[in-house]
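According to Swiss-Prot, the active site annotation covers 70. Residues or ranges marked as active site, proton acceptor by Swiss-Prot: 135. Here Swiss-Prot flags 68, 101, 164 as Zn(2+) 1 binding site, drawing on sequence analysis. Among the features that Swiss-Prot reports, Zn(2+) 2 binding site is placed at 101, 136, 350, with the record citing sequence analysis.
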């Protein structure tokens, strides 16, 4: 694997059926590769999750590549044009589960690291890898646990690239320099179950909650800013009733989510929701799940190096964006690290027939190399 091309390395990783939280030996293969380049490998196993912290160098600044070896399930394998866990070349594309999200990125960074270390064996600072098998799952025992371990022993990350598929139309056209925060509420509005013919003997929680839910849906939470759109509120699930047409439900269950900007905090949103629910005199319970604060890298050496490396490879500048979902960058940014996301085109991620353009992986490796060179070359 050490001397293989980026395509061959990607194939070897895709061929491992690492459906979350399984790693299926991907990190072991990476350890062997990195160990041969002088990295010290540390495997951290938490519950059902395998994590890797691999570092070359003892001094700062520390450049870290964060990624994951787990993939989402393939869905019905007979719906794929090629077997999802057998990497297959088709008309210039590499097909297989994880090709774009994110085994292609892992392969590109491994090749970039090999070329950089060979060219600059006495490079400045340290290069590190933070790899988990828990990114596509509940994200409890993965990156967040590794960060806790590093912080407990005062190991600091200065710059971090997350290899998530950030690109839209061609590799490098979009760099994620931040992400919105995420907060989920699970609301139970209580009523009194009864017969629909005798509403005076019951209390319909659907009717009780309608005005409050309407107010929540129409509320203006903030105006956003130069980097983030306004905070959004979306109801994702709603359920009441037994399935019978003649029974007034006793409870209404509502699940909703905020994707929020740096203009508000999770606590501000919780307080505003509570105020609205209380104003409508609802009998309710609510459980909050905080999925991560928003983060933003708007200036700094990492962003400069990334923009310069992409333009050197593509000949055109990249575009900065904070759109999209959450990533493990949300666990790394609070440590003070500069964090960006750069990876392949995301058009087929989590889909049947996931694939990545093979030429894009070669260009991505060149971009990663350029970033390392700009940050750590002597």
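Glycine too: its Cβ is placed from the backbone N, Cα and C atoms.
Where Swiss-Prot records a feature, it is marked here on the structure.
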| residue | record | DSSP class |
| --- | --- | --- |
| 68 | Zn(2+) 1 binding site | strand |
| 101 | Zn(2+) 1 binding site | helix |
| 135 | active site, proton acceptor | coil |
| 164 | Zn(2+) 1 binding site | coil |
| 350 | Zn(2+) 2 binding site | coil |
Which recorded positions sit within 10 Å of residue 350 (Zn(2+) 2 binding site) - Cα, from 68, 70, 101, 135, 164: 101
Residues within 8 Å of the 101, 136, 350 Cβ centre (excluding the Zn(2+) 2 site residues themselves): 71, 72, 98, 102, 349
Between residue 101 (Zn(2+) 1 binding site) and residue 70 (active site), the C-alpha gap once rounded to whole angstrom: 9
Cα-to-Cα gap, residue 68 (Zn(2+) 1 binding site) vs residue 136 (Zn(2+) 2 binding site), nearest whole Å: 8
Other same-chain residues whose Cβ falls within 8 Å of the Cβ centroid of 68, 101, 164, the recorded Zn(2+) 1 site, in sequence order: 67, 102, 105, 135, 136, 162, 163, 165, 327, 343, 349
Position of peak Cβ density within 10 Å, selected from the binding-site residues 68, 350: 68
Other C-beta atoms that fall within 10 angstroms of the C-beta of the residue listed as 'active site, proton acceptor': 25
Sparsest-packed among the binding-site residues, when each Cβ's other Cβ atoms within 10 Å are tallied, from 101, 136: 136
Residue 70 (active site): nearby recorded positions from 135, 136, 164, Cα cut-off 10 Å: 135, 136
Between residue 164 (Zn(2+) 1 binding site) and residue 135 (active site, proton acceptor), the C-alpha gap once rounded to whole angstrom: 11
